[in-house]
Amino acid sequence: MYPCGNCRAVAVGPDGRCAACGTYQQQLQQPSAPQQPSVPPQMAQMPPTPGGYPAAPPMGMPTGGVDLRRGLSTTLVALFGVALPALVFLFVGRSGQYSVIGDMLDAVEGKSVSITERDLNDADDLFTTAQVIYSLLTVAIAVVWAIWFRRLRLNAEVFAPGQHRFSSGWAAGSWFTPVVNFWFPKQIANDIWRASSPQGPDAVSRGLLNGWWVTWIVALLTNAIGGIRYNLLRGKVEADDYAPTRSEAKSDIESLHSILAFDMFAIVIFMAAAVLALLLVRQITAMQEQRASLGPQLGGPAPYGMPAPNPYGAPAPGPGSYGAPAPGPGSYGAPAPGPGPYGAPAPGPGSYGAPAPGPGSYGAPQMPPTPPPGQPGQQYPPYGQG
């Protein structure tokens with residue numbers, strides 16, 4: 001005999017179970033409960049998370065670490081506003097010298113012109129006064145400009161951390177460092193402009209910035225060239241052995257006349273540079289104020305500080321999103337009302353998982369196998385039938 005498949009006792013039935021267990025009889029008397037339709041596991045609802053962009057501070061509230069005090073920018077605008085009349089005054093003083101030297105040149109050529117030494121001294125005094133006023137304004141503008149420009153650089157570091165080519169120290173010191181002051185400040189200004197643009201690094205045109213820089217460099221070069229020419233002529237005239245002939249004196253006076261004209265041209269360019277600098281101060285100040293209300297700069301297509309729709313890992317609000325059952329019939333993850341879904345008993349006979357009325361179906365008792373020769377396997381009827 002075979003041992004019982006349940007208690008391992010001596011088998012008494014063809015199903016391999018003994019009378020003590022009675023498992024087979026209980027299975028026949030108690031039909032199995034119908035299987036429930038399988039439902040895919042529901043994903044847990046996750047709270048919506050921001051799409052990679054930090055929430056922007058309220059409008060009018062600057063980002064932490066940004067200094068938006070208007071004291072320096074207001075002072076610069078006022079200084080440039082005073083510097084423009086000072087440049088006009090300087091131009092008038094230089095034009096007075098130009099006029100007196102022209103009269104002197106006419107006198108050398110033999111023309112009837114009344115020119116005295118007092119006229120020369122008066123023209124020089126007027127220009128010297130204008131030059132002193134303008135020099136004092138230039139020193140004040142240079143100091144305030146360096147402090148203001150460094151503050152712009154510090155604010156830009158908050159807007160775009162690690163995206164600048166020079167430190168904040170160079171933002172102030174590059175203006176006073178020979179040679180490098182012809183390109184370091186412009187590169188720093190480009191980085192500040194890109195970081196301070198509210199619409200994006202390349203959204204705002206740099207026409208004003210480039211125009212101001214070109215005008216400023218041209219003004220510096222013309223002023224330097226005029227100064228070199230004037231110093232060379234002055235060294236020649238003030239030499240102890242200077243004893244020019246009539247033609248040499250005329251040539252020197254013509255050179256001085258040309259130098260004064262060139263210097264007047266440089267003053268006009270300085271006027272244009274002052275106007276553009278005033279506009280630039282107002283423009284960058286306004287850009288940083290707008291940029292400060294948008295939060296730190298992050299890459300991506302979404303606007304600064306705005307949460308991206310349907311962030312990764314969060315369910316979408318629409319019906320039928322991935323991981324959520326749709327309300328409609330037959331949607332993914334919901335049992336269909338039709339007959340015979342997978343895993344549910346169908347009303348018809350012989351469906352998968354239900355016993356069929358015919359013999360030999362899956363889950364029904366099988367006929368006992370033919371016992372081996374010499375074993376009395378046929379004298380034991382099934383349990384409950386003998």
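FYI, residue positions are counted from 1 along the chain as it appears here.
Including glycine, each Cβ sits where the backbone N, Cα and C put it.
Note that this is a predicted model, so its numbers are computed, not measured.
Record features, source TrEMBL:
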- 29-46: compositional bias 'Low complexity' (COMPBIAS)
- 336-348: compositional bias 'Pro residues' (COMPBIAS)
- 366-375: compositional bias 'Pro residues' (COMPBIAS)
- 376-386: compositional bias 'Low complexity' (COMPBIAS)
- 114-286: domain 'DUF4328' (DOMAIN)
- 29-53: region 'Disordered' (REGION)
- 319-386: region 'Disordered' (REGION)
- 71-92: transmembrane segment (TRANSMEM)
- 132-149: transmembrane segment (TRANSMEM)
- 213-232: transmembrane segment (TRANSMEM)
- 259-281: transmembrane segment (TRANSMEM)
Top stretch by Cβ pairs under 8 Å to the transmembrane segment (132-149) (candidates 71-92, 213-232, 259-281) is 71-92
Over the span of the domain 'DUF4328' (114-286), how high is the average pLDDT in this prediction? 91
